[in-house]
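**Q** Quick paste of what TrEMBL says about this protein:
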| type | residues | note |
| --- | --- | --- |
| TRANSMEM | 7-31 | transmembrane segment |
| DOMAIN | 21-462 | domain 'Major facilitator superfamily (MFS) profile' |
| TRANSMEM | 64-91 | transmembrane segment |
| TRANSMEM | 103-122 | transmembrane segment |
| TRANSMEM | 128-146 | transmembrane segment |
| TRANSMEM | 158-180 | transmembrane segment |
| TRANSMEM | 192-213 | transmembrane segment |
| TRANSMEM | 274-299 | transmembrane segment |
| TRANSMEM | 311-334 | transmembrane segment |
| TRANSMEM | 341-363 | transmembrane segment |
| TRANSMEM | 369-395 | transmembrane segment |
| TRANSMEM | 407-428 | transmembrane segment |
| TRANSMEM | 434-455 | transmembrane segment |
Amino acid sequence: VNDSVQAWNWLLLAICMTTTLGSTVPVGYFFGVLNAPAEIIKSWCDNILFSEYDTNSSWSQIDLLWTFIVSIYLIGGIIGGIIGSLCAAGLNTKFGRLGVLRITDVFYAVCFILTALCRFKVDSVEMLAVARLFGGMAAAIVYATHPMYLVEIAPPELSGSVGVFTGIGLTFGIVVGQLFSFDFLLGTEEHWHWALSAFIIFVMLGTIVTCIIPESPRFLVGRGRLEAAKTALKNLRGSDQNVDKELAAMVADAGATDSTLGMKDVICNGKLRLVIILVVSFHFVQQGSGISAIWYYSVGTFTDAGFSTSIALWLNFALGVLNFLGAFAGVIFMDKCNRRTLLIISCILSSFFMLLLSFALYLTDNYQWVSYISIAFLALYIIAFNVALGTMPYFIGSELLVISSRAAVMALGSLSNWVSNFVISLVFPILSDIIGPFAFLLFAIICVYGFLVTYRYLPETKNRKPEEVAPLMENGLKSKVK
């Protein structure tokens, strides 16, 4: 039995699963829950504008309001990303990884309360919008903290395997959100607000779990709490074997680095310039590869290809399930294969299938049967995306960075993710109106950029400590891949 298999134990697996359910599943839930009940919520908005403001709105105005309700989640993500970027080092140093996750639970709770109450006595579009704003802020901070916590509690040989749980939670949340929003569950005119707020079930589980599981041993070492770090390591590893050795390595690593770096220190540090470019670029490529457009506009893409709305919703759900299963496959890939190789393959194949999809959708106007081929290309893209792009950006920073700069740079990556997501959500429909299906070519080009950056600059991180990898990037753009 190899070392990585021996390193897994029930506690580590349980922590990965439960923190994922409580922290990142709600993030995906927000993405997946709005597609099915969209027309119902639009009608609700129209009724409010008429009854409360005596306004007869056109459908174009209602669509604009709907776009605002959808996108304010991303605006909240950007605000949360900025908060995380400016305060990441301070928050994680003062409250710890679990403490920060508990803070996000407060944001989630506010989101739930406002969503649940937006139809109580007085209907309020404003309340729904503010709720989604808080949800986005929570999600952005989760992006920066959850993968960092998982990587820090795992043995080095399992850093990739645990890192993919953030992506798994996101994809599972999308599926659950899609399922809850169908009209045979909560996606009805009477209950849609409960569909939007049901994510709190997972948040409550996460809140309970974070109160009883061990804090990151690396964080505890950084705070000088060596006995607590040793106890946490014993619990996480399931035995006393090699705990003293691992703890000594953490103490040595902490002693070899400066105190936790703030955002200004990180940005002004020339030795960190390349790693910042890599982390930010991978988050940009993840969103710019087209996955956001798939979840926001896939129903419209399917209906444009000739499918009915009902079939389009089920096809969208099927893609969500495929995305979730693909994320699980990432666990196997990360355990068996090199990070750099996987990311190169993921970028090349994602670009290729986006290219084919654009031409397939273009041909559906003249050849209806091509619409079925476009579904196949979309499914193949999702598989290619999950080879690495779907999960690696969330944890690669933890493998590239020593602990002193980790929180700040990963917060920058989270901010890049949300800004890219927001820009794509605005640009894609405009491009689609202008050039039609060839708008997908933009995603193919961005994937090519991801390939070039990976091939030229990303060092291999599998089975290597951050202290070994970080020096390889200290020469900035002149660094050599090793």
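For all residues, glycine too, the Cβ spot is worked out from N, Cα and C.
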**Q** Would the transmembrane segment (103-122) count as touching the transmembrane segment (192-213), if touching means at least three Cβ pairs under 8 Å and pairs must be 6 or more apart in sequence?
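**A** Touching, yes - the transmembrane segment (103-122) and the transmembrane segment (192-213) meet the threshold of 3 or more Cβ pairs under 8 Å.
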**Q** Under 8 Å for C-beta pairs, could you tell me which stretch among 7-31, 274-299, 311-334, 369-395 has the largest tally with the transmembrane segment (434-455)?
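**A** That would be 274-299.
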**Q** Is the transmembrane segment (407-428) in contact with the transmembrane segment (128-146), using three or more Cβ pairs under 8 angstroms as the rule and ignoring pairs under 6 apart in sequence?
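**A** Contact between the transmembrane segment (128-146) and the transmembrane segment (407-428): present.
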**Q** When each of 158-180, 311-334, 341-363, 369-395, 407-428 is checked against the transmembrane segment (7-31) for Cβ pairs under 8 Å, which one has the most?
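**A** Of the candidates 158-180, 311-334, 341-363, 369-395, 407-428, 158-180 scores highest.
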**Q** To what whole number does the mean pLDDT across the domain 'Major facilitator superfamily (MFS) profile' (21-462) round?
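**A** Averaged over the domain 'Major facilitator superfamily (MFS) profile' (21-462), the predicted model reaches a pLDDT of 86.
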**Q** Other than its close neighbours in sequence, what residues sit by the transmembrane segment (192-213), given a CB gap under 8 Å and a spacing of at least six beyond its ends?
**A** 15, 18-19, 21-23, 25-26, 29-30, 33-34, 37, 40-41, 44, 98, 101-102, 105, 108-109, 111-112, 115-116, 118-119, 128, 135, 173, 177, 180-181, 185-186
